[in-house]
Amino acid sequence: MRPSFAHFTRTQHARLCGLVIAIALSGCASVPPPTSELSAAQQSVARAESADADQYATSELVAARNALESAQSAMSAGDDEDALRFATSASAWGDLALARSRAATTQADYDQRRAEIAGLRQRLQLGANDETPALAWPAPAPAQGPDVAAALSQRLVALDADARLQGLAAYERLRARQAVDVLPEARKSDRAQATQIAQQRVQTAEIAAQTEATRREVDRLDRERSELLVEASRQEAERARQEAERLRFEAQIQMEEAQRLRATAESEAAARAQAEEIVLDVAGDQAAKLAAAKARDAELARKEAELSGAVGDLPPSKRSGGSEVFTLGGDAFASGKAALSSSGSGSVRALAAYIAAAPTGRIRIEAHTDGQGEAAANKDLSQRRANAVRDALAAAGVPKSKMTATGMGESSPIGSDDTAAGRARNRRVEIIVADK
């Protein structure tokens, strides 16, 4: 068995392949078994198949497979010379199929990057970019004429002279140069195959160089796309910042207006309270005077809520200690749901207007359910309902920092769960507004 060539460099392998071509096309009477050449042909075909040459270079891959099959048949028959010739042809076809397939996928990547960049530039209103034109791939015709070797050699010279392609596809160029150089040494009977292999190698070198150059362009476009994406993100962040600033400014104006209205209401309330105090002082009933002032303040806040355009009526309320307790009934929510109904939303907005107009302390929101269903589910539902009321009040201008929301579940009933009326009383949300 012949020694393995797996340790050879690409350049050494190319030189060896040049020697193989020369042996295959020379008039040697005896040719050693082309085991390594057959293995190289198999690898060439396998590389082309793994690069989707079935899709992008169908005819070249078919030719490579046919040549490889012929080489294997000749090898089995002991015809080493034919096996070497077919293996050399299979390698050339396989490498050309690989080059064409890589060229097609690289072109697709290039076109995709161009389209993405064009879209980003349009989105950023940067205009078209003339630096990324569509590529025009060369389609060289087969060399013809009396001196094919000279024509192919001239194409290699032109390839070497292209400044954009210098240093690219060096291995493929070396293989092409070797294939062209052995043309004059080929036997007349082998001249056609030698010419075909040389043309394939030259085409492979041209396509591979163009592909590597295009891949560099794809890498450059990747960097440009990344820069444009960063710029797009920056602009979107700036727009979001400006929108947030606009909303903050509007909220500030609304808050100042609310403070002005509250100050006016407080001033009027203070004036009325002072007048009431004088009357009560005359009557000598200081305790009654204070209670009346608070009652009038509450009534003023209620009227302020109605005059502010709030939709809905204030929920029913009662005094309890130093707080006023407002109660949202079960109809404020749909059965089993945590979203406020339209009537419930109106009541919450009216309550928010009342809180804004009256001096108040901290606010506790406690949601309750009846005893139907699982206790854990009722606890969760009540918490979500308490959160919904808190969020609705906050959306209407009540500072979220002064509110707490607690789901009580079924733990504090005020009616019997044995009757529908009792369960309806148990389904409630209490908003406890402390006096300031």
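Every residue, even glycine, has its Cβ placed from backbone N, Cα and C.
Per TrEMBL, the feature signal peptide maps to 1-29.
Look at TrEMBL and you will find 211-268 tagged as coiled coil. Within the model, the coiled coil (211-268) carries an average pLDDT of 90.
Sorting each residue of the domain 'OmpA-like' (321-436) by its DSSP state yields 50 helix, 32 strand, 34 coil. Annotation source TrEMBL lists domain 'OmpA-like' at 321-436.
Positions annotated as region 'Disordered' by TrEMBL: 400-426. With a cut-off of 8 Å between Cβ atoms, the residues of this chain six or more beyond the region 'Disordered' (400-426) that come close are 329-330, 361-372, 375, 378-387, 389-390, 393-394.
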